[in-house]
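Worksheet: one structure, shown below.
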Amino acid sequence: MKLTCVVIVAALLLTACQLITALDCGGTQKHRALRSTIKLSLLRQHRGWCGDPGATCGKLRLYCCSGFCDCYTKTCKDKSSA
């Protein structure tokens, strides 16, 4: 009987600790994948990894030097044609 009570109390304490930890996070893990794609895009921009007109672009792909990626064809467009 005592062992059962100890196990129940331990389970309740662990559950409470998990809930407290989840509340303390303050949503820092929300949209983690989205943030990582944005970081990757920014990293590629700053390191000069950009594509010329006609190159494939989009999420997790090459960033366009012109800054214009056609969302339908997933290709870089020239500033004058955008």
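Placement of Cβ uses the backbone N, Cα and C atoms for every residue, glycine included.
Swiss-Prot annotations:
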type	residues	note
SIGNAL	1-22	signal peptide
MOD_RES	Trp49	6'-bromotryptophan
DISULFID	Cys50-Cys65	disulfide bond
MOD_RES	Pro53	4-hydroxyproline
DISULFID	Cys57-Cys69	disulfide bond
DISULFID	Cys64-Cys76	disulfide bond
BINDING	Cys71	protein binding site
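There are 21 other CB atoms within 10 A of the CB of Cys69 (disulfide bond), with all protein chains counted. Mapped onto three states, the DSSP output places Pro53 (4-hydroxyproline) in coil. Considering other CB atoms within 10 Å as the measure, the emptiest surroundings among the recorded positions Cys50, Cys64, Cys71 are those of Cys71. Among the disulfide-bonded residues listed here, namely Cys50, Cys57, Cys65, Cys57 has its C-alpha nearest to that of Cys71 (protein binding site). The two recorded residues, Cys69 (disulfide bond) and the residue listed as '4-hydroxyproline', have Cα atoms 9 Å apart. Comparing Cys64 (disulfide bond) with Cys57 (disulfide bond), their Cα atoms are 7 Å apart once rounded.
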